[in-house]
2 protein chains.
Amino acid sequence: MRVLGVDPGLTRCGVGVVDGVAGRPLTMLGVGVVRTPADAELGQRLVAVEQGIERWLDEHRPECVAVERVFSQHNVRTVMGTAQASAVAMLCAARRGIPVALHTPSEVKAAVTGSGRADKAQVGAMITRLLRLDAPPKPADAADALALAICHIWRAPAQNRLQQAVALHTAQATASKGRTA
Amino acid sequence: MRVLGVDPGLTRCGVGVVDGVAGRPLTMLGVGVVRTPADAELGQRLVAVEQGIERWLDEHRPECVAVERVFSQHNVRTVMGTAQASAVAMLCAARRGIPVALHTPSEVKAAVTGSGRADKAQVGAMITRLLRLDAPPKPADAADALALAICHIWRAPAQNRLQQAVALHTAQATASKGRTA
């Protein structure tokens, strides 16, 4: 499975592509940052984020896009930009029919380090080890994007089984309703 | 000046087009709501908002898009959807090179009713009068979109004068710096 991880942001939007399946060594296919100038108009910055994400989708053709789930309890000013950048990333993927998955920061940290409260250095160290890199990817947004992609590759099998179970249950419930009606 | 007002939302995104200039009677060219199903996936909902906004831009070719400025002190769940829908509206406009203006809810209320704390009924009543309609536009999101467009038509001349003054001041400061350097 090839996954594009996106750590959304207006000033720096981390992007990283990882290929692999749970239980096997993973491969990094690319990592980078989509930047937009802080003094540009908001609409123009969103267009720049869209163009950046589109380039990554064109080049790597991921099967899934994993985006960090944004919460609004954080810094008020930052969170709006993060929500808007994440909307653009989700839009780009959904427009192409690519499934979008959202993972919280603590799910991502727990997936790659074993602890939902790990710090940036710990996440960077694990990314370096898991992807067999020479040094931690920089900036931190780029490392976080790779962590999101890895988190999704590892969590996806369990999530898919859960979704299939729910779908099966719903189908059975509908069928039994049909019989009693 | 022809302005598309957008009251952003994922479930209901109000849209309204108003033509006119400050100090002259205004004309409503269209009003409506872009809806997306609450049970659809977030990415799909953003695609539906994009398609809806694109249709309004295609049909009415506005010279400016006025979007409600989103604050995050409101309901946490709602505000994320609002921020994401507003990002899509701004993206659609900026991609076409159409200027985007943001106005706060109290600026909009103050513009059309004279009070920044006016209620929905008061805004609806004034929209009805200013656009010479038979009844207040429904739902409230549609009326709010028209109010945004009117607010922008009335505020734009002052904003433009302010921007020109700032630009002139900056140019003069740069020029005098150049002389003393």
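If you go along the chain as it appears here, the first residue is 1 and each next one adds 1.
From the backbone N, Cα and C atoms, a Cβ is placed for every residue, glycine too.
According to TrEMBL, the feature active site maps to A:ASP7, A:GLU68, A:ASP141. The Mg(2+) 1 binding site annotation in TrEMBL covers A:ASP7, A:ASP141. Sequence annotations record features per position, and here TrEMBL assigns Mg(2+) 2 binding site to A:GLU68.
Sequence features annotated in TrEMBL and their locations in the structure.
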residue	record	CB count, 10 Å
A:ASP7	active site	29
A:GLU68	active site	26
A:ASP141	Mg(2+) 1 binding site	24
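For the pair formed by A:GLU68 (active site) and A:ASP7 (active site), distance between Cα atoms is given as 6 Å, rounded to the nearest Å.
A:ASP7 (active site) is 6 Å away from A:ASP141 (Mg(2+) 1 binding site) when you measure Cα to Cα.
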